[in-house]
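Undergrad: Please read through the structure below; I'll follow up with questions.
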Amino acid sequence: MDFTSLETTTFEEVVIALGSNVGNRMNNFKEALRLMKDYGISVTRHSCLYETEPVHVTDQPRFLNAAIRGVTKLKPHELLNVLKKIEKEMGREENGLRYGPRPLDLDILFYGKHKIISDKLIIPHERIWERPFVLAPLVDLLGTEDIDNDKIVAYWHSLSMHSGGIFQAWERLGGESLLGKDGIIQRVIPIGDHLWDFSKKTYVMGILNLTPDSFSDGGKFQSVDTAVSRVRSMISEGVDIIDIGAQSTRPMASRISSQEEIDRLIPVLKVVRGMAEMKGKLISVDTFNSEVALEAIRNGADILNDVSGGSLDENMHKVVADSDVPYMIMHMRGDPCTMQNKENLEYNEICKDVATELYERVREAELSGIPAWRIMIDPGIGFSKGIDHNLDIVMELPKIREEMAKKSIGLSHAPILIGPSRKRFLGDICGRPEASERDAATVACVTAGILKGANIIRVHNVRDNVDAARLCDAMMTKRFKNVD
C-alpha cells in the first residue's frame, strides 16, 4: 500500500538512525542534529554512541552509529526528502557505492504508528532486525517500562515479531554481549579528538582543589607552582583525569564570585593543559557556575563536572550544549549550604529516589541539547545523604542503573562516577576525625563501588586507589572470562 498521501496535521513521533565514517564523524552528527532542528524535527531523545565495524563493504573506516527520537509535522516522504537533503549538504554523493564510505547516513526507522510501503520508502526500515548497529542505539531510546505505558512504543515493539519486542530482537543478536567483543561494537563517549570506552577499565580522577577552604586539602595548591607539582605527582601515580576545582562544595561553603573563581582556575588550567605529561590524560573542571564553565571550556577543559546538574545556574545547560564537552551531572538537593538540612535527607528508597531525581536533571540537560552520549552521572555520595544512604548507594549502584533504565535504557548506560574520598561518613564509621586519615577507608569504599559497577572514582590519594582500581579490574576481567 502506498501511503504517500498520508495527512499529517499533528506531530508524529519518529525514530531516525545516524551513521558516519568519513571526515569528522562527531561534527557530522552535531551538524545533522542542528539541521534536523532547522527543518522541523525536534529531537527528544538520544541514544548512546557506538563505534562499529563496517558490513558488506569491509574495506573502509569504522562507523559511528546512533539514533534519535523526535517529533515532526513533516509527512513521511517530506521527512525522507529532508533527510536526503541533509545528507547531501553534509557531502554525501547521491549515487555513491552502496554500503560504502559516507559522511552521513540518515534512515527513518519508525514513523508514528504507521506502516509505509512505497517505491522510495519502507517503514519500519526493513533491515532493523538484522543489524546490531541499528538495534543497539534503538534500544537505548526506550525504557523498560515504555512497553506498558506508551502506546506508540508498544506498537514499535509489536513490529519486531518477537514476543519480547525490540528487546528480544536485540538479545537474539547477542545483546550486551556484543559490546567490546572482537571489536564488533563499542559504546563510546567522545572527549576531545578521541572516543573513550568507559567499560574497559576503571578511570581514576585525581582531585586538585585550588581553594583555601576545601575540607581535606584547602589552601595547599592555590599557587600555579604547587598545583602543577601536584598534577605531576598524580600523573606519576597513574591518574587518568585531573579534576580541577576553584569553588569549594563542602557543606556550608561560601559561594565566591564568578570572577574570583575564574581568577583562581584559569592560570592553573592553562599551564596544566600545556604540560607535555598530560598527553593521554583528561582535564575535568568542577564548577556549577556557567560563566566559569564557559571560560574553562575555552581554555581546554575536556569534561564539565557540575555538582548541581544545572540546578544552581539556569545558563549551564546552554553553555554545555553549545560545546562539545561531556557533562557530569551529580545528584544533590539544595545547595552546599542547605544540602544537609533535615528536609534534604529524607528518602523513601534511597537508590530509587536518587535515580528518579538524577533522571529528571539528565532529561532537562538532554532536552536542552546535550546528547545522551555526552552525559555522565554521579549519585552524589556525601551530598544530601546520611551515613546509611551513602553505604546503600555504594552497595546498590546496579539498582540506580535499573531504575534509570525504566525511563531510558540509554541513560542507564552512562558512566557512573563515585566520590567518597575522605568524606565525613568514612570518618564517622572508622573513628577517623581527620580527613587526611581516611585514605584506607576510601580505598575500601571505592573497591566496593568498582565491583558494583562504578566506572570512575574521584579521589585525593591517587596512588593507593590506582592500585585498588587495577586489582578490581583484573578480578572482573577474570570473572567475565570464566563466564564466557
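Counting starts with 1 at the first residue shown.
Positions of Cβ are set from backbone N, Cα and C atoms, glycine also.
Residues or ranges marked as Mg(2+) binding site in Swiss-Prot (evidence: similarity to another entry): Asn209. Taken from Swiss-Prot, the feature (7,8-dihydropterin-6-yl)methyl diphosphate binding site covers Thr249, Asp286, Asn305, Asp378, Lys423, Arg458, Val459, His460. According to Swiss-Prot, the domain 'Pterin-binding' annotation covers 202-470, on the basis of sequence analysis. Per Swiss-Prot, the feature region 'HPPK' maps to 15-141. Annotation comment: Swiss-Prot describes 204-484 as region 'DHPS'.
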Undergrad: If you draw a 10 Å sphere around the Cβ of Thr249 ((7,8-dihydropterin-6-yl)methyl diphosphate binding site), how many other Cβ atoms fall inside it, taking every protein chain shown into account?
TA: 23
Undergrad: For Val459 ((7,8-dihydropterin-6-yl)methyl diphosphate binding site), list the number of other Cβ atoms lying within 10 Å of its Cβ atom.
TA: 28
Undergrad: What is the total of other Cβ atoms whose distance to the Cβ of Asp378 ((7,8-dihydropterin-6-yl)methyl diphosphate binding site) is within 10 Å?
TA: 25
Undergrad: Among the binding-site residues Asp378, Arg458, Val459, whose Cα is within 10 A of the Cα of Asn209 (Mg(2+) binding site)?
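TA: For Asn209 (Mg(2+) binding site), the binding-site residues whose Cα atoms are within 10 Å come to none.
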Undergrad: Among the binding-site residues listed here, Lys423, Arg458, His460, which has the most company in the form of other Cβ atoms within 10 Å of its Cβ?
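TA: Highest number of other Cβ atoms within 10 Å: Arg458.
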Undergrad: Report the largest Cα to Cα distance, in Å and rounded to a whole number, among the residues Thr249, Asp286, Asn305, Asp378, Lys423, Arg458, Val459, His460 that the record lists as binding (7,8-dihydropterin-6-yl)methyl diphosphate.
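TA: Greatest Cα separation within the listed binding residues comes to 18 Å.
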Undergrad: For Arg458 ((7,8-dihydropterin-6-yl)methyl diphosphate binding site), just give me the three-state DSSP call.
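TA: Reduced to three states, the DSSP call for Arg458 ((7,8-dihydropterin-6-yl)methyl diphosphate binding site) is strand.
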Undergrad: Count the other Cβ atoms sitting within 10 Å of the Cβ of Asp286 ((7,8-dihydropterin-6-yl)methyl diphosphate binding site), across every protein chain shown.
TA: 29
Undergrad: State the count of C-beta atoms found within 10 angstroms of the C-beta of Asn305 ((7,8-dihydropterin-6-yl)methyl diphosphate binding site), not counting that atom itself.
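TA: Cβ-Cβ neighbours of Asn305 ((7,8-dihydropterin-6-yl)methyl diphosphate binding site) within 10 Å number 27.
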Undergrad: Please report the three-state DSSP label of Thr249 ((7,8-dihydropterin-6-yl)methyl diphosphate binding site).
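TA: Thr249 ((7,8-dihydropterin-6-yl)methyl diphosphate binding site) sits in coil per DSSP, no helix or strand.
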Undergrad: Ten-angstrom check, please: count other Cβ atoms within 10 Å of the Cβ of the residue listed as 'Mg(2+) binding site', all chains counted.
TA: 28
Undergrad: In this predicted model, what is the average pLDDT of the domain 'Pterin-binding' (202-470)?
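TA: Averaging the confidence scores along the domain 'Pterin-binding' (202-470) gives 94.
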